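Everything on this sheet refers to the single structure shown next.
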Amino acid sequence: MKALHFGAGNIGRGFIGKLLADAGIQLTFADVNQVVLDALNARHSYQVHVVGETEQVDTVSGVNAVSSIGDDVVDLIAQVDLVTTAVGPVVLERIAPAIAKGQVKRKEQGNESPLNIIACENMVRGTTQLKGHVMNALPEDAKAWVEEHVGFVDSAVDRIVPPSASATNDPLEVTVETFSEWIVDKTQFKGALPNIPGMELTDNLMAFVERKLFTLNTGHAITAYLGKLAGHQTIRDAILDEKIRAVVKGAMEESGAVLIKRYGFDADKHAAYIQKILGRFENPYLKDDVERVGRQPLRKLSAGDRLIKPLLGTLEYGLPHKNLIEGIAAAMHFRSEDDPQAQELAALIADKGPQAALAQISGLDANSEVVSEAVTAYKAMQ
């Protein structure tokens, strides 16, 4: 089996690319970073530090790389069985034209073996969004052929991969946590379902997408925002602060109550999942900076994201949300000189006041009780 993976960054190399290569799949990375491409093509291998209770170093080998702009990547798309991405949500639109060209070439060459495409991004139904961009880039006469022969498979991904300060300055070395979860929608594949260790198949993807968003992402963000306010440097420092831990755990329990009501998750298993995530935040090997995790607060405070979406669920089912409100208030306080969204947030609050600003960012009704609760919590933190 042959695969092409867009994005040879830390997540591409440390998570998805590693799982594919470990499964014995012939893997080529596509990227724009020439330093990384040259290193991959010189060595065809790299090291991954897997850190948890213990630390181990795995070697990923037998990999190649091509530029994601140019003819080589188009040629590969015409040949491979699987295309995956870890490029970040905003970059999906930029790689769509190359994917479209590759599919046209595939059709011209008469290659009717199924191709499956899986976007492994921190977003809901990212592959469906990528499909929209690809379809827009396709000529009309290729669209029906692509619908028939190409599967666009949505997925949920979860593995903490912090930017690694490599002691050796090796551009390929990467550190990842032991935990990893890659869940894909088995109803969207064309052809036989792949057997890749570390990839889980489900016919109820949205339950797992929301479980991750409402637990890991919600907890991670609130840990970062409360940690930054309290003067902590890393996620580990913040979660070891008992006051912060109580709010983070409480918020994950509140969002968890929504999941249990909505999808019928087992309450005991979900409580264990929350404990596992708290343990991941404590990982001493992951130097996960609160400022990195907190960046882009406008996106994180938007209606469909990790803070407001679970809050809306608590309103829908009439459930408590005191700790989620604390997290939202802390997010409104997030300041970072390196993050344009943090600066925009500060300017918006200074200009309109916290009530109107939160309503504008989140889509919540400015006069609602929940916005008033958030503003009260926000002011109490000043």
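Glycine residues also receive a Cβ, built from the backbone N, Cα and C atoms like all the rest.
Considering Lys212, Lys261, Lys269, the record held by Swiss-Prot lists Lys269, annotated as N6-acetyllysine. Counting only residues at least six positions away in the same chain, the Cβ atoms of Phe29, Tyr46, Val48, Val60, Leu172, Val174 sit under 8 Å from the Cβ of Arg13 (NAD(+) binding site). Counting only residues at least six positions away in the same chain, the Cβ atoms of Asp31, Asn33, Ala86, Val87 sit under 8 Å from the Cβ of Gly9 (NAD(+) binding site). Cβ neighbour count for Lys269 (N6-acetyllysine) (all protein chains, 10 Å cutoff from its Cβ): 9.
Comparing Cα positions, Lys269 (N6-acetyllysine) lies closest to Ile11 out of the binding-site residues Ala3, His5, Gly7, Ile11.
For Ala3 (NAD(+) binding site), the same-chain residues that are 6 or more apart in sequence and have a Cβ closer than 8 Å to its Cβ are Leu20, Ile25, Gln26, Leu27, Thr28, Val80, Asp81, Leu82, Val83, Thr84.
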